[in-house]
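> Take this structure first; my questions come after.
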C-alpha cells in the first residue's frame with residue numbers, strides 16, 4: 001500500500017478506548033475527506049483519458065447517449081439532491097458512502113486488469129487499495145457516529161455485468177464509457193457525503209454542497 005495511506009493505523013489507536021478525543025475524530029474525518037477527494041480526482045482523470053483514447057467517430061456516437069444511464073450503483077438508496085442529503089443523518093451518509101465504495105470492489109479489479117498497460121492507470125497505482133483504505137476509515141467513523149440504522153444488501157459480491165473488457169465493438173465501448181462515468185459520479189457522491197458529515201461536527205467555512 002502506498003506510503004500516503006499509512007495514517008489510519010495511527011489515528012485508529014484512539015478508538016481503542018471509550019473516550020475519543022475531538023482532535024483525533026477531526027483528523028480521521030479530515031483524512032477520509034482528503035482520500036475521497038483524491039479518488040474523485042483519479043476517477044475524473046481516468047474518465048478523461050478514456051475519452052481521449054476514443055476515435056472521433058465513436059466519440060460522436062457516444063455523445064448522443066447519456067453514459068450515466070443504468071449505473072450499477074443505482075440500487076443503493078443514495079440521496080437524490082442537496083436537500084435530501086442535508087436531511088439524512090451523519091450515520092446514514094457514512095453507511096451509504098461505505099456501500100458505494102464496496103460496490104466498486106469487483107469492477108475496479110476488472111477495470112485495472114483491462115487497462116493495466118494503459119496510461120489510464122499510470123497515475124492511479126493501487127486504486128483498489130485506496131478504496132479499501134478509505135472504506136476502513138469510514139467503518140471506524142461509523143463506530144463513533146453510527147450507521148444510520150439502515151440495512152443495505154452486501155454489494156461486494158455482486159457483478160457489474162455491463163463491463164466489457166475486450167472492447168470488441170461499439171456496444172462494448174459504450175459499456176466501458178458508462179462504467180467510468182458511473183465511477184466518477186459515485187466518487188463525487190462519497191466526497192460530498194463525507195464533507196457534509198465533517199462540516200456538521202466541526203463548523204467550517206466551506207460547508208456548501
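Using the three backbone atoms N, Cα and C, a Cβ is placed for every residue, glycine included.
Fair warning: this is a prediction, and the values are worked out from it, not measured in the lab.
Annotations for this protein, taken from Swiss-Prot, read as follows:
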BINDING   38, 191  Zn(2+) binding site
DISULFID  71-182  disulfide bond
DISULFID  199-207  disulfide bond
REGION    59-87  region 'Disordered'
SIGNAL    1-19  signal peptide
> Can you tell me how far the Cα of residue 71 (disulfide bond) sits from the Cα of residue 191 (Zn(2+) binding site), in Å?
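Checking the Cα atoms of residue 71 (disulfide bond) and residue 191 (Zn(2+) binding site) gives a distance of 18 Å.
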> Around residue 199 (disulfide bond), how many other CB atoms lie within 10 A of its CB?
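Within a 10 Å radius of the Cβ of residue 199 (disulfide bond) lie 17 other Cβ atoms.
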> Suppose we draw a 10 Å sphere around the Cβ of residue 191 (Zn(2+) binding site). How many other Cβ atoms does it contain, all chains included?
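Neighbour count, Cβ to Cβ under the 10 Å cut-off: 22.
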> Consider the recorded positions 38, 182, 191 and say which one has the Cα lying nearest the Cα of residue 199 (disulfide bond).
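Out of the listed candidates, the nearest Cα belongs to 191.
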> Give me the CA-CA distance between residue 38 (Zn(2+) binding site) and residue 182 (disulfide bond), in Å, as a whole number.
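Their Cα atoms are separated by 16 Å.
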